[in-house]
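S.K.: First the structure, then my questions, so here it is.
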Amino acid sequence: MTMTHQQDLKGVFTAKDLDFKPAGKITKKDLNTGVTKAEYAVRGAIPTRADELKEELKKNPEVLPFDDIINANIGNPQQLDQKPLTFTRQVLAILEYPEILRVGHNELASLNLFSRDALERAERLLNDIGGSIGAYSHSQGVPGIRQTVADFITRRDGGEPATPEDIYLTTGASSAATSLLSLLCKDSQTGLLIPIPQYPLYTASASLFNAQVLPYYLDEESNWSTNSDEIEKVVQDALKKQIRPSVLIVINPGNPTGAVLSEETIARICLIAAKYGITIISDEVYQENIFNDVKFHSMKKVLRKLQHLYPGKFDNVQLASLHSISKGFMDECGQRGGYMEIIGFSQEIRDALFKLMSISICSVVTGQAVVDLMVKPPQPGDESYEQDHDERLKIFHEMRTRANLLYETFKELEGIECQKPQGAMYLFPRLVLPKKALCESERLGIEPDEFYCTSLLESTGICTVPGSGFGQRPGTYHVRTTFLAPGTKWIQDWKEFHQDFFSKYRN
C-alpha cells in the first residue's frame, strides 16, 4: 500500500475502535475433520520428498547419486514425455483460436498445419458449444458432445442403447466420483464398499463425507480377482452393526492392481447390488489400457444382459459408470475431462444430482471437447486416421513392452512377488522384506513399504507409492509403480537398488 493510501485510512478508526487484542489465527483444530483425516498417498510424503530432490538437482546436481527424478508415482504420461495425439491438439488449437477458420480449409491444409478432418471437427464442436469455449455450457455438458458419448457407449456395448439424458460431462472422473459420493453419503452410518487395495480417492472421500469404509479385499494370489462372497460377507457384517452398505465401488481395470474383471464376476457384483439395494460406482477409466489377451467388459453391458435374462430381478440396480480423458491413449490429464453415465436412478435422485452439478455451473469446456475426441477418434477414410492410428499403436506397444519388462524384472528378484499385468498403468508387487529391514523401519517410525520406497527414491530418484497408501492385507507390504517412464535404464537402476537393499538388510 502506498503512503498516500495509508494517509487516506489514517482517520478511519477512533482510539476506542482500536482498543482490542487481535484475535488469533485459525488452527488445524478449527478445520473440517473430514479434510484433516483424509489421506492421498499418490501425492503424499514420498512425492513431496521427490519434489525437494528435484529442486536440489537444479541447485547442486553433483551431491545426489542420480541425474533425474522418475515420477512413477502417478499415471501422468505427458509428464513423462509421452507425445499428445496430433489430431487432438490440432482440434484444440482451433477451438482456442477459432479465427483460424477464417482461412479456407484448402489453404490451411496446404500448409500442413491442420488436417481437413481436424478443421471439420473443430467447426462442429464450436457449433455444438455455441461459438466459444470461453462460455459456460449446460450444467450436464454440451448436448452434442453428450450425444457423441452416448453413441460411443452404444457401439462399445454391442448395441445396448445409451442416451444423452443419462450422460454428465465432468471435470475428470474424480469430480464425478466425489459428486456422487457427496450425494449418496447421507450420514455417518452410510457404508462405502471399497476394494482393497484401492485408489485412495475413495477412502479420502469417505473421510470427507463422514461415511464408513467397508473394505473388501481382492485376492492377490489369483491375480487380484474380486470375490463376490467376500463382498456379501462384508455387507452382512455391516448390517449387523447398523451400518447401511449404500455404495459399492468397483475399479475395472484395477488401480493399483491392473486386474481386469471377468464377465461372471461383474454379474455376481450386480447380483449383490440387486439383493441389497446398493448403488454401484464403476470406475472404468482404464478401459482402453488392456494387455495380454484379456477383455474389458463394461458394468453397464453386463447389467443389461442380466436385465434381459432375468426380467424384474435386476431392474432396480442403480449404476454410475465413469470414464476419463486422463487415461487410455488420450492421457490428457491436465485438460480435466470425463463423463459419467447414470442408469436405474429415480427421477427424484436425478433431480438432486442435477441440482448438485449445477452448483459448479459446468465442467471445463475444453475438457468436454476432448471427451468428444476420445470417444470419436478419426475413422478409416479420414485424413488423420493413419497418423492417429499409428500414434495410438505406438503408445500401446511401448506401454505393454515396459509393463512386461518390469514384470519379468520383478519376477527374477529376491523378496518381490508380482502378478502379471492385465491392464491400467501400474504394477503392485508384494515386498517380502528381511527382518532387519522391518526392524529399521520400526526404528524410524514408518511403515516397512514406505521405508523401501523412500530408500529407492533417495538412491535412484525413482518415485513410487507404498502399498500402505492404497490399503493391503495386514502383515503384507507392497509398492505401486507406473510403467510410463521412457526407456529401460530406470528399470535396471531399480533392479540394482533392490539387490543392494537386500544385501544390506538380509537376515
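Each Cβ is built from the backbone N, Cα and C atoms, and glycine gets one as well.
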S.K.: For the pyridoxal 5'-phosphate site that Swiss-Prot assigns to Ala173, Ser174, Tyr199, Asn255, Arg336, which of the candidates Ser188, Ser324, Ser326 is also assigned?
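M.R.: It is Ser324, as the record lists it for that site.
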S.K.: In the structure shown, with every protein chain counted, which of the binding-site residues Ser174, Asn255, Ser324 has the densest set of Cβ atoms within 10 angstroms of its Cβ?
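M.R.: When each Cβ's neighbours within 10 Å are tallied, Ser324 leads.
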S.K.: I'm trying to understand the geometry here, so how far is the Cα atom of Asn255 (pyridoxal 5'-phosphate binding site) from the Cα atom of Lys327 (N6-(pyridoxal phosphate)lysine), in Å to the nearest whole number?
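M.R.: Checking the Cα atoms of Asn255 (pyridoxal 5'-phosphate binding site) and Lys327 (N6-(pyridoxal phosphate)lysine) gives a distance of 12 Å.
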S.K.: Through the lens of DSSP with three states only, how would you label Lys327 (N6-(pyridoxal phosphate)lysine)?
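M.R.: Going by the DSSP assignment, Lys327 (N6-(pyridoxal phosphate)lysine) belongs to neither helix nor strand, so it counts as coil.
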S.K.: Restricting to the chain of Lys327 (N6-(pyridoxal phosphate)lysine) and a gap of 6 or more, list residues whose Cβ falls under 8 Å of its Cβ, or answer none.
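M.R.: Correct list: Gly75, Val285, Tyr286, Glu288, Asn289, Ala424, Met425.
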